[in-house]
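> Quick one: this structure, given as structure tokens, is what I'll be asking you about.
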């Protein structure tokens, strides 16, 4: 970590974790019983200066799993009609196989050893993702089983607001409320917000940290 070039590599920024921004739209709040209806996944990249940004986004409309509960209030809120054939929905398994493939490829390219979900109010998205993976009996998930980066918490600290739309606007990121509650739109705004916070922290001198030996040397000089 004493080498500034190493500190500008993604694999060193988050302890070997590759951040993957996710947003889901669902038919309720219960990941055990309610349908996952839409998911978007934004992959990130870091340039040679250590600035993190958006790489690409995957987006899937999802068929409700067999026996899934569909709460009318949730459908009215997100405007999704699960029966609409124009959605082009795929099964949970098909979507997650594609997501796993893309995430693992990007994770490997960044020389990271595991991926970590980034989301706004991350416990919600992480819960639905984890339950879908379990239902599909998919092995070797790239995602950490419980750790996440929650942009609601990060925004509360860095910007002073926890609502996604308000935090984005305060950070100078355009946000159209008419587009909100689309997994694709919300994921990319969440990704922009996460990148803004990480890059802002770096620009203020919060990263990279001094290595222990550098700190010791500096303390010795000052003494």
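Even glycines carry a Cβ here, placed using N, Cα and C.
The annotation domain 'Exonuclease' is assigned in Swiss-Prot to 20-194 on the grounds of sequence analysis. The annotation Mg(2+) 1 binding site is assigned in Swiss-Prot to 23. The feature Mg(2+) 2 binding site is assigned by Swiss-Prot to 23, 25, 181, 186, with sequence analysis given as support. Marked as site 'Important for substrate binding and specificity' by Swiss-Prot on the basis of sequence analysis: 29, 77, 124, 146. Residues or ranges marked as active site, proton donor/acceptor by Swiss-Prot on the basis of sequence analysis: 181.
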> Which has the fewest other CB atoms in a 10 Å radius around its CB: 29, 124, 146, the listed recorded sites?
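The recorded sites 29, 124, 146 were compared, and 146 has the fewest Cβ atoms within 10 Å.
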> Between residue 29 (site 'Important for substrate binding and specificity') and residue 124 (site 'Important for substrate binding and specificity'), what C-alpha distance do you get in Å?
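Given the Cα positions, residue 29 (site 'Important for substrate binding and specificity') is 8 Å from residue 124 (site 'Important for substrate binding and specificity').
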> Where does the residue listed as 'Mg(2+) 1 binding site' sit in the DSSP three-state scheme?
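The residue in question, the residue listed as 'Mg(2+) 1 binding site', is strand (DSSP, three-state).
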> Is any of the recorded sites 77, 124, 146 within 10 Å of residue 186 (Mg(2+) 2 binding site) (Cα-Cα), and if so, which, in sequence order?
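Near residue 186 (Mg(2+) 2 binding site), where near means Cα within 10 Å, there are no recorded sites at all.
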> For the domain 'Exonuclease' (20-194), what's the model's average pLDDT?
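The answer is 98, the mean pLDDT of the model over that range.
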> Including all protein chains displayed, how many Cβ atoms other than that of the residue listed as 'Mg(2+) 1 binding site' lie within 10 Å of its Cβ?
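28, counting other Cβ atoms within 10 Å of the residue listed as 'Mg(2+) 1 binding site'.
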> Taking the mean position of the Cβ atoms of 23, 25, 181, 186 as the Mg(2+) 2 site, which residues outside that list, in the same chain, have a Cβ no more than 8 Å away, listed in sequence order?
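Those within range, site residues removed, are 24, 38, 40, 78, 180, 182, 183, 184, 185, 187.
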> By a simple count, how many Cβ atoms lie within 10 Å of the Cβ of residue 186 (Mg(2+) 2 binding site), its own Cβ left out?
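Step by step: centre on the Cβ of residue 186 (Mg(2+) 2 binding site), count other Cβ atoms within 10 Å, giving 25.
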> Counting across all protein chains present, how many other Cβ atoms fall within 10 Å of the Cβ of residue 25 (Mg(2+) 2 binding site)?
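There are 24 of them.
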> When you measure from the Cβ of residue 181 (Mg(2+) 2 binding site), which residues in the chain that are at least 6 apart have a Cβ under 8 Å away?
25, 77, 78, 79
> Hey, what's the Cβ neighbour count for residue 77 (site 'Important for substrate binding and specificity') at 10 Å?
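Around the Cβ of residue 77 (site 'Important for substrate binding and specificity'), 11 other Cβ atoms lie within 10 Å.
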